[in-house]
Amino acid sequence: MPSRLSPPDIPPLQPTPTVSDGHHRFQTLPLIIAGSLTLTGVLLILVTLLIYRRLYRNRTAPSDLISNSKSPQHYQCRRFSYSQLRRATNSFSESTHLGHGGFGSVYKADFPSGGDSLAVKVMDTSAGSLQGEREFHNELSLSSHLIGSPHVVSLLGFSSDRRGRKLILVYELMANRSLQDALLDRKCVELMDWNKRFEIATDIAKGIEFLHHCCDPIIIHGDIKPSNILLDSDFKAKIGDFGLARVKSEDFDTRILIEEEDKSKDVVEDNGSILEETESVITVFEEGNNVVNLSPETCGISVLTETVASPGEKSGLSPENCAVSILTVEVGAASPAMASIPSPETCAISVLTDTGLSPESSKLKVGSKRDWWWKQDNNGGSRGGIESGSVKDYVMEWIGSEIKKERPSNNKEWINNGDGSSSVSKKKKKEKKRKPREWWKEEFCEELTRKKRKKKKKKKRGLSSISSIDSWFHRDDGASSVHDHNLNPTKRKKRNSIDWWVDGLSGELKSVMGKKNSQDSGLWCDVNVQKSGGVSSTPSMRGTVCYIAPECGGGGVLSEKCDVYSFGVLLLVLVSGRRPLQVTASPMSEFERANLISWAKQLACNGKLLELVDKSIHSLEKEQAVLCITIALLCLQRSPVKRPTMKEIVEMLSGVSEPPHLPFEFSPSPPMGFPFKSRKKAR
């Protein structure tokens, strides 16, 4: 039987793809793309939030604090969370409120975990002002320099609330609050002990000494006052509130302080001012060359001729025969013939003439900084030396015209003996001085009448007592002196007994009034004389009224001597237990003591310093009290150069150095050799 071949295996047929499967794949592709895009967007949002959070933290904390956060000096200054501080202060309730500063409120924060209590200062930034934020950053930047002193309040941390723009600083808690609250408001019994007050004064001095002599760079506090002096549980004083403090730069020197000294000198600005004041040429005869060269401050201008011919010869003097020189004059001349040369106060133009000088020997001697007008169009010239060459024709013509105006018709009358010429020069000098004085007096009287009219208008409008105090500050010293001169002696004496205390405050702030008259109206309107007599800080100036030094008022440059001045006022407040300006409805005797600084100066002149001491103090050490008042008066001197340094003050208080003496102007018995020369001429 024939075999059958098996049929070959046929692979199964693949089903053809249908239209429904392709449509399903087309639907899943957009879902995958949408999911990936959503995930990418979420990741971008998270990264953006992280970057924003980092940038916000960098804006809250200063850059130098962040960059140096790894240094051991910054380990104490930590960042607190806002929620943690809010729980510790019971949501900043009134029960934990300790006080209110210039730009923030202070609360007590209790931490249950550590058991410690801290002080939390919430900076006020809701008013739209950046001052609170500036103080916040300023204190953070200075925190690294203030570590290591027991006399400075330590900054422990900071925090910020992004939503409410709350900037918070965390300090160590000072149980007895500020010196102003303990001494002037609550009048703590512990401060009635003199030893405790003296210890507080020493602690404050050591704290300022740490800022000036131990910190590198030097820190200037700028706002030393009782409200910024904090007391711990043992009444140990510490300096706080460094919101207005500044770091002294390396290139800062005392040139500004020296300029204050130079302002008191009588310096001739230019030749034009000399001509306007004198309006005369004084002729003086001299037989020798007794010309004394002194400092440039005592410069006068003279036309000088040397004696060549014999005294018996008589010859005409022409302007071309005169040599021009810058002549320096001393008040006490070297020879009797120089006695008639005008003093620097008169700044006259002297013509010292004689015969026999040729025009070729004319020389221009430049010896002063104020010789610019001699060197016009003369290519600068050689400063400080003798300059050869011809002098400009218009200069010689001017000199000749001035000499011809005053030359007598007869030469015999002009060339006379020395005594006669000196007497003639004195008479001319007096006569020529009358016109400027009369002109000045007329203008001054007009100004006085204008002021009287303004005062009458103010009285009619019924201004408040604050505006009357403001008028005391704006009172002109010259006007008051002329008005007092017109009064009889009895009325003038009664008036001085009431107004002397105002002179101290207005005198200390006179430099501020002179520098910025246009801005001072707004500045002085900010001075709030409260019922308690306290004076508040003003945002337009650095410091506090009555505590700020006169040279740094109106936005001036701060220096260590500004803190010294403020310490002097603070020392008087601590000794007397009174505010620097305390106006109350008391008898007239108390009203005269309203200005503490003027009262202290008056008592020093009368030799009654102990009357300044607080009557409620017991166990008083009189020597220490006199020492404190003397140091305070040394600190309150107008010239910053004359004030002592804080290192010297600490040595005085600790007894290392000898007790200081009162300043000369406050001494009750001035010595015989009075340095100021009387302006009255001997007859």
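Cβ atoms here come from the backbone N, Cα and C positions, even for glycine.
Under the heading active site, proton acceptor, Swiss-Prot lists Asp223. According to Swiss-Prot, the ATP binding site annotation covers Leu98, Gly99, His100, Gly101, Gly102, Phe103, Gly104, Ser105, Val106, Lys121. Residues or ranges marked as compositional bias 'Basic residues' by Swiss-Prot: 425-436. The domain 'Protein kinase' annotation in Swiss-Prot covers 92-664. As annotated by Swiss-Prot, region 'Disordered' applies to 1-21, 406-436. The topological domain 'Extracellular' annotation in Swiss-Prot covers 1-30 and rests on sequence analysis. According to Swiss-Prot, the feature topological domain 'Cytoplasmic' maps to 52-683, an assignment based on sequence analysis. Per Swiss-Prot, the feature transmembrane segment maps to 31-51; the stated evidence is sequence analysis.
With respect to Cβ neighbours within 10 Å, the recorded positions Leu98, His100, Gly104, Asp223 differ, and His100 shows the lowest count.
Straight-line distance linking the Cα atoms of Gly104 (ATP binding site) and Asp223 (active site, proton acceptor), rounded to a whole number, equals 16 Å.
Here Val106 (ATP binding site) comes close to His97, Leu98, Gly99, His100, Ala119, Val120, Lys121, Val122: these same-chain residues lie at least six apart in sequence, with C-beta atoms under 8 angstroms from its C-beta. The average pLDDT computed over the domain 'Protein kinase' (92-664) stands at 66.
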